């Protein structure tokens, strides 16, 4: 029993009636592998899976992908990699050889995408990553020529956050002292390793600095100590659970800062939902142009079809990766992946995140780096070439 | 050596050659299954070398495995790959020796809990070090394919079987069997029980570390959460117990069906993997208490009894 999230029976019927042919052409098999269990299942449930559901249902509703004049429906085969790289590799293999997938979608997260890179490369599928942040883009794309990067370099993410603080200081909005904390785990360490020297180089005075292990439940001592240092700005290179935990503690301690930054998950809709108006002014990693009609339309469609809201960072990029793939397949009119990959390299694409094109390292150089909660939306305030950044505001209290 | 042993050795070598031919099929899916089976065969067999005779259940496999992946992860830029494997073995062995000396006096459940904690502690130590030094991601970019990794694991498996066979024939192996039956008796007849246990624990730890070092290029990006995943330790124990630890080939006959079962579950029921795995564990424990080895011995015993009666 294969789980195939196929067109519903009704749409099949409607499609065949409209087409007026007895049976449509063979479906295009789309392979998808990402966590449904394990540590990253929560993130994938927000950022990854709903986009696949939306894309497939929309493509099938309009009768499938147009392949050289022939309409072909999409049929998805989904696998759970249990957040385990060995399972990701095995599932990609299985999709290619056992399920004869025509397309395989890039997995979720930095680690799982990198583990899958050699196998995508060997099988010759384009791997358009939308949730991998790395500084090794040059090395990776030279070794894995079919690997594309939408989310950008991790260094930019940290450096731009510091730049936002510098700009606020130059404008006389905030003072010179910063409290900096980080979660002692892969990405948190990496961000801190970039962020700390950047803060020092910008002439900030780091009045409090500490790190905490992943999964720390009680963050109140950290916030108490940070408050005692009386910083003008608070920066946390944090992960989902502690992003929430630190914000909560900041509210309890009434941490009086003019700039408050937490990293991963600040852009989640659940963050805004949980903290409501207290989230106003909180900065974090990511951001989008919330004023863009394309993004608004996408967000509305996603919620209508899947019942889940997009996050304000990688969700849109994930959907953009599917749009890129779709356009490449329909324009070339083929499922020959070498041709599709070449098309992706050579062209620019209109997506819900704006125009995307890849440089000679398969890197999308224009992406959002810092966002801020303003009026109930997480708006992009800093980017590397995107339109629609808004001015940052000063954090004023936790009411 | 007795004639029987030559025969066994011949069978082993023959099977190994057959296994080594798998990549020639060119089927990437079979090979990736092969890598999984080879990896767990090595881990479960080396685990059983120590835990089988002594009955000490170790959940430290992930600690050694993780240390091995980090040896490759941090050394690949500066040292030739082939040097990293012995280094991993030494690091894993030293870690096992330290832990063994400190804890093998603990018995039963205390030892289990300590070894479970060890993986977490090692992970935290690695993370702490990275945090202190401002680490920016561990990448292992090599030209290795699944074939290369498969053959390396197979070679290591052959080595583990030879070592296991040699230990089984040695005074050390005999001593361990006595310790497993009754540690007090062993001590009274003059066996240095602590030293014997530590020696075997070192072998088991060193092998797991080398497996980690071999697997690292496959993951490309090494993170503490995947390198030290506690799931690995549990899977190794379950596979070894399914096969049975009484014989050297026991874990192998556990690893193969378990991997295939896991594969069937995760490809057919991707949304219920954990639930179905849990049910399989229960079934294994209830229906096959001695593992496949126990079943084999029971059937053989029954057949022998029947022929004796007849």
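Along the chain as shown, the residues are counted starting at 1.
Here the Cβ of each residue, glycine as well, is placed from N, Cα and C on the backbone.
Heads up, TrEMBL stuff is auto-annotated, nobody curated it.
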Correct range for transmembrane segment (source TrEMBL, candidates B:174-197, B:198-221): B:198-221
Transmembrane segment range according to TrEMBL, out of B:56-73, B:236-253: B:56-73
Stretch contact, the transmembrane segment (B:109-129) with the transmembrane segment (B:29-49), Cβ-Cβ under 8 Å, 3+ pairs: no
Contact call for the transmembrane segment (B:149-168) against the transmembrane segment (B:275-296), three or more Cβ pairs under 8 Å: no
Same-chain residue ranges lying at least 6 outside the transmembrane segment (B:79-102) that approach it to Cβ under 8 Å: 60, 63-64, 67-68, 71-72, 114-115, 118, 122, 142, 194, 197-198, 201-210, 212-214, 217
Folded-back contacts onto the transmembrane segment (B:275-296), same chain, C-beta under 8 angstroms, at least six residues removed: 238, 240-247, 250, 253-254, 257, 261-262, 265, 269
